[in-house]
Each structure stands twice: as C-alpha cells, then as structure tokens.
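Structure first, then comments.
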Amino acid sequence: MRGGRGAPFWLWPLPKLALLPLLWVLFQRTRPQGSAGPLQCYGVGPLGDLNCSWEPLGDLGAPSELHLQSQKYRSNKTQTVAVAAGRSWVAIPREQLTMSDKLLVWGTKAGQPLWPPVFVNLETQMKPNAPRLGPDVDFSEDDPLEATVHWAPPTWPSHKVLICQFHYRRCQEAAWTLLEPELKTIPLTPVEIQDLELATGYKVYGRCRMEKEEDLWGEWSPILSFQTPPSAPKDVWVSGNLCGTPGGEEPLLLWKAPGPCVQVSYKVWFWVGGRELSPEGITCCCSLIPSGAEWARVSAVNATSWEPLTNLSLVCLDSASAPRSVAVSSIAGSTELLVTWQPGPGEPLEHVVDWARDGDPLEKLNWVRLPPGNLSALLPGNFTVGVPYRITVTAVSASGLASASSVWGFREELAPLVGPTLWRLQDAPPGTPAIAWGEVPRHQLRGHLTHYTLCAQSGTSPSVCMNVSGNTQSVTLPDLPWGPCELWVTASTIAGQGPPGPILRLHLPDNTLRWKVLPGILFLWGLFLLGCGLSLATSGRCYHLRHKVLPRWVWEKVPDPANSSSGQPHMEQVPEAQPLGDLPILEVEEMEPPPVMESSQPAQATAPLDSGYEKHFLPTPEELGLLGPPRPQVLA
C-alpha cells in the first residue's frame, strides 16, 4: 500500500528454514566482537561456561529463546536454549560447545528475532577468573617506604598471556589509585606500591583480561588489607595542669592515634630526678606524667630502624615568656573559632594551641602546631553554640614550655539557663541583712558573664531591681523595708538575661528610729518612777506611812509572812500626856452599864479569830498631836 508504513523485517512470519539465508544477510549487520550492545556473550575461564546477558529492548521485552549457530565447524547446525521468563541472562554449559569454535548468537521471542546477532570467538572472547593476592607483603628497609605484594594469576593455559591491573587506596579513603604499568602473567612480577606512610592501613585488589580483549575484564579479586610498619607518634602533647598549682588532676602525655585501621603498641620513657622511668601497660594514646618529670619520649614497638623517637620537654618556663593577649572570636557563617595572640619575649620553636570542651576528660584534648611566626590559628571542628571551650596557647622551646592563661571561647553566646542560688550571711551591722550568691555553672551560663541583677519584693509592692557587677557576689541591704521580703538574682551575658534563681525569703523587723527610741524612753521612765518610789519609802517624811500603807511583814526588818506578828494582839502605843494647863472643863456624866442577861448555858470562851487580814486605821488626832493633853474628869 502506497504511503503505508512497513513493518520491520523481523516481524514477518517466516518458516524456520527460511531463517538461515536471512541470518547470512544479518551477519553483515552483526555487532563487532566485544562491542557493547543489548546482547553480550563471553566464556568464563578457559574451560568455563558461556554466559550471555542482555538488556530489554523497548516494548519487545526479553527473548524466550537463545540461538547459537556454529560458524567454524558446523555452519548448518543451530542450537536453541530456552530462557526462563523474567531472566536477563543464561549460561550454556561448556559440554554443549566445541573448543575454539566461533558462534553466531541471537535471541527470539515467539519465533521473531529481537536484535541483530553477535559474533563470539570462544578462543579469545573469555573473561579470566580473579587473581589471588597475598597474604605476604614485604616492605623496604629505607625511606621512602615501598610495599611488595605477591600474587598468583588465575588458572590459564601457560602459553597464553594475561594482562592484569591493580588498584590501591589508603584506609578510609574513597578513591582508588591505579598502579602503573599493568602487569603480565609472563613473566610474573610482584605488585609494587611506592611512597607509603608508616603506621597506615592500605587496601589493594586487581583483575585480569586476555591480551587481545582490551575491554573484556575479568572479575575483581577479593580486597587484600595490609598495614605498614609502626612508627613513633609525630605529634605528642600535654593535657592537664602541668605547670599550674599542684593538687589538681594529674597531667597526661597525649599523642594522636594512627587511625582505626592500624593496631600499634607503644613504649614511653620519662626522665625523673636523674633516672629514666618506663611505665608498663601503655595503651593508645596517653600516659600519666610522673611528678617532677623533665622530659618524655615515645616510641612504637617493632618500629623501623630509621624512625627516630619523639621527644618532648616537660620543663615549665616562667609565665613572662608565654604568649600574651590571647583572644577568641567566632567567624560569621562558620563553625570554626579564630584564636589570636601576641608573642612573648622569647624565641619559641613553635606555638601549640589546644582546646577542649567544658567538662570533657583530659583524654579528649585537641591541638594544632604552628610555626613560630604564626600569631593566629583557625581551629577546625564543628563547635556548638552556647558551649564553652577552654583554649590555651603555649610557646614551645628547646628549654621547655611557657603556657598563657587559659581562656574560654564560644562560637555563639546564649542567655543563661538558670540563675544563681542565694543565701543569707550574718548581718553587718546588726539589723542590716547581708546576702551572697554562687556562680552559675559555666555550661549553664552559656556565655561570658556581664553582670548580675538583684531584685527584691516586699509584700504586694512591685519588685525593685538593681544591677551588680559580675565580680561581686555579696551585698548588704540597709534600705529594705520591714516585714516579709523576697529576694532573687539573675545572670546576664551579651545574649540577654537569664531566668531568676531560687527565691530567698526574709522577715525583717521594724528598724525605724521611733521603734528604736521608744523602748529606751519607757525604760528610763520606769527607772525614774522606781527611784521616786524608793526615795519616798526611805525618807523620814514618809517613813511613818509605811505602817499604814504596807503590810507589817513588808516593813518589818526581817519580813516573814509565815511568822508575822499580825495574828497576835496589837498593842497601840499612846503618846505621853501633855502637862496640865488651862483647859476647858468637860463635864461627863457616868453612864450605868447595861444589865447583863444571864443565859441558861454558860458562855463559851471564844478564841480570837485570825482571818489573816490586819486592820489598820487612819491615825487619831491624838496620834497626830493635834489635840492637847486630856483634862481630868470632874464628876458632877
């Protein structure tokens, strides 16, 4: 049909016998030997099976049958191999093939070819097995370090040459390095790896191919791991209070581990008091420093002969030769810290900057070494915001160490998490409360302290606050009002003010002047009244009044209420009569006594009744001396 689109030639139904002439036509369109395409076939080893694999071709999918036609021995014989559904490869047993044969291979689905056939030469188109590496590895005895890896080629006819290539990499590195040149199996030479580092782990593996098949490489060999000879640590440093005040944590001698892929044993020597000490059981990578040690030396067990020992002087130099003006700052958009300082008066060999997170053990110390001309260091690492890091700069010279005072650095300061704890001190002066507070833990302060804020609240009145210097931790409060009072303190950094600490509750007495003077006035007034009373009681003018006002047992010389004479008949003393004079005569009529009524019963004698009450009366005129002596009576 004119203008119609013709179907592909392999979709037309053809009888089986008609396929043979067509394949000879398609042979002109076969892919070159070894070229990549939908179908690839190769032999595995000199006596292995023939492996064929393919990729699905669009909507046509995978073949259901694979056809192999001999082109060298029986050109008219075609061998068909069934393919399981869903598989993308098939293995043809070696027993079904002829040695050194040349095959034409294609795949069909429902009797229709899916792709052009490929040409396979069984004599050359083979993948060798993987080579065998090690386990012996030899190392050179001088610098630079070289390693010689022994290996064996895969099983192969002795007259046929294989080309093998090897790759190596350092432990924990991602990229592999190709060793040049490629090696041949005839003659067989070992694998040599140059410019290696001591106390380092390496990995190596390889693969082989036939000499004429440049792109048909065999399988990779298993990876061989090996370790170069151990060496003394290059970087040794001190952690802890080596040159500070004795009594703290014991300092440690630290060195950096060679890496997780290497196992090294170490030996340490210290020079103490003119003799050498070598502690046993040294683990990686620290050792306690004995008191008074002057220098330390570290070496690795079974180290190479040309590797020198690592020495470090432990003598503490005067602080005047230490670096000065150490400052720490953060870098915007970076997780690193910048440390700067000014040099001391000496000429150091190098500067060492070490740092550790607050609260970390001595073993977790980091440090970097810098040339003597460097006066700044960019500390690597992922520093956390709000976390304090102790940073120390030390000048290292041949005579010893001179360390500057440690400083605390922050990548970014934050507001404190807690407030200080308050407690009351002894009043100074009495009546004036004094308080003190503790420091906020550094990891909760989260920055450099700028000041404290002290707040007080009495009753329902609003709180009153005042700022206190960060160097002050105790104050007296003379102006607090009397009554109940609450106190609290907050800490502040440049990032802001933190929450208040625990509240201290006080109850203050009234300390105003009137309440201080009134008790004194009352006391003096009481003394005045008491003095007046005593003076009146003891003076002659009022002496006789005590008999009338006070009980007898009070004014008796020896007061004794139990033995008082108040219960006995009282005999009044009458003053003597005055001499007779011209006094008026008073006529007195004598009255007869009333008659006595006799009772039938005799009168009973009654004892005087003592009720305990003493009768006292006002003095009579005679007692007061207001009247003259009585006149004699004149009887009418």
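Placed from the backbone N, Cα and C atoms, the Cβ positions cover glycine too.
If you compare ASN51, ASN563 in Swiss-Prot, the N-linked glycosylation site annotation sits on ASN51.
Per Swiss-Prot, the listed range annotated as motif 'Box 1 motif' is 554-562 (candidates: 194-202, 482-490, 554-562). Considering only the glycosylation sites ASN76, ASN311, ASN382, the residue whose Cα is spatially closest to the Cα of ASN302 (N-linked glycosylation site) is ASN311. Mapped onto DSSP classes, the domain 'Fibronectin type-III 1' (131-231) shows 0 helix, 50 strand, 51 coil. Rounded to a whole value, the Cα-Cα separation of ASN311 (N-linked glycosylation site) and ASN76 (N-linked glycosylation site) is 83 Å.
In the structure shown, the C-beta of ASN51 has more C-beta neighbours within 10 angstroms than that of any other entry among the glycosylation sites ASN51, ASN76, ASN302, ASN382. Look at ASN467 (N-linked glycosylation site): DSSP puts it in a strand. Here the domain 'Fibronectin type-III 2' (322-417) has, by DSSP, the following mix of helix, strand and coil residues: 0 helix, 46 strand, 50 coil. A Cα-Cα distance of 73 Å separates ASN382 (N-linked glycosylation site) from ASN76 (N-linked glycosylation site).
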